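Colleague: As listed in TrEMBL for this protein:
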DOMAIN    6-120  domain 'Tetrahydrofolate dehydrogenase/cyclohydrolase catalytic'
DOMAIN    139-279  domain 'Tetrahydrofolate dehydrogenase/cyclohydrolase NAD(P)-binding'
BINDING   GLY165, ARG166, SER167, ILE231  NADP(+) binding site
Amino acid sequence: MTATLIDGKAFAAGLRERIADEVKALKDRGITPGLAVVLVGEDPASQVYVRSKGKQTVQVGMNSYEHKLSADISQDELLTLIERLNADPAVNGILVQLPLPSHMDEAAVINAIDPDKDVDGFHIQNVGRLATGQNAMVPCTPLGCLMLLRDQLGDLSGKSAVVLGRSNIVGKPMAQLLLRDSATVTIAHSRTVDLPQLCQQADILVAAVGRANFVKADWVKPGATVIDVGINRTDDGLVGDVDFAAAAQVAGAITPVPGGVGPMTIACLLANTLTATARANGLPDPEGLTP
Ligand code: NDP
């Protein structure tokens, strides 16, 4: 391997330590950040995510409020809970674990969250704020990718960036963040023509496709920084969207899977909860946790 390994696990651990320090300072002023996580139904993967979110929230000294609802509750009952959490001053962040059961309208539920407590950054107002350069809550996974990229490369301005994937939770906000840092950004998707040739131009390549080992080594520009968002379960265990072993011979720096972007997502959820708490109390945004 010639590429530098971007150790997201270590970076996320450092970030959590910093957040814990900031939480301690807030507690000294009588403020304890609180994160409410709402889980509807019993999807096994969602249960695992919610458990580790709750655990890490408590580890950094925040209050964690878990609301587990049965899969057959009505959308109105869920909206009533969200209204209650919106009005609760002890709750600074609200996260509704997705996916929701099929009888619910996900957009209606997400848009019922107070945008200033929307620590997932999926509310339509936060999407608009991010696109227009205002104080948004930024989706956690792309925020984590941005932190890793800045740490690795410093100034991103003028870099050529290709984002593979155009989902609302990863691809599009990732592209917005890179654009905001003055990279020249191309968003690719399933209809993009000649993906390998496009990727070969990229100083920064972010893969968020959801296909195991999709990005081949000869798509990678020599020396490029490769961020692999993909999480794919295969017979060989968890793998990313990038053919890691081969791509690491060409790239300048690359994130592994697991241990790259994954750990950054929950750390950034905690960062967003801290930011939301600071804003709710009229304090400045914590340094380095917002774009
Ligand atoms: P989506 O399925 O919502 O989006 C996938 C994107 O990839 C789409 O825009 C799709 O294009 C594009 N795509 C699919 N096939 C191709 C292809 N053959 N060529 C080019 N583009 C293609 O996925 P998400 O954005 O939600 O997630 C992407 C990956 O990231 C998944 O593996 C997911 O598990 C992982 N993930 C990891 C997180 C973490 O914490 N590390 C958090 C969130 C996601 P089109 O729009 O044209 O269909």
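Positions of Cβ are set from backbone N, Cα and C atoms, glycine also.
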Colleague: Taking every protein chain shown into account, which of the binding-site residues GLY165, ARG166, SER167, ILE231 has the largest tally of Cβ atoms within 10 Å of its Cβ?
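Modeller: That would be GLY165, with the most Cβ atoms nearby.
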Colleague: Please give the NADP(+) site's span as the largest CA-CA distance among GLY165, ARG166, SER167, ILE231, to the nearest whole angstrom.
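Modeller: Spelled out: the longest distance between any two Cα atoms in GLY165, ARG166, SER167, ILE231 is 16 Å.
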Colleague: Can you break down the domain 'Tetrahydrofolate dehydrogenase/cyclohydrolase catalytic' (6-120) into helix, strand and coil residue counts using DSSP?
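Modeller: For that range the per-state counts are 58 helix, 19 strand, 38 coil.
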Colleague: Mind looking up the mean pLDDT for the domain 'Tetrahydrofolate dehydrogenase/cyclohydrolase catalytic' (6-120) in the predicted model?
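Modeller: Averaged over the domain 'Tetrahydrofolate dehydrogenase/cyclohydrolase catalytic' (6-120), the predicted model reaches a pLDDT of 97.
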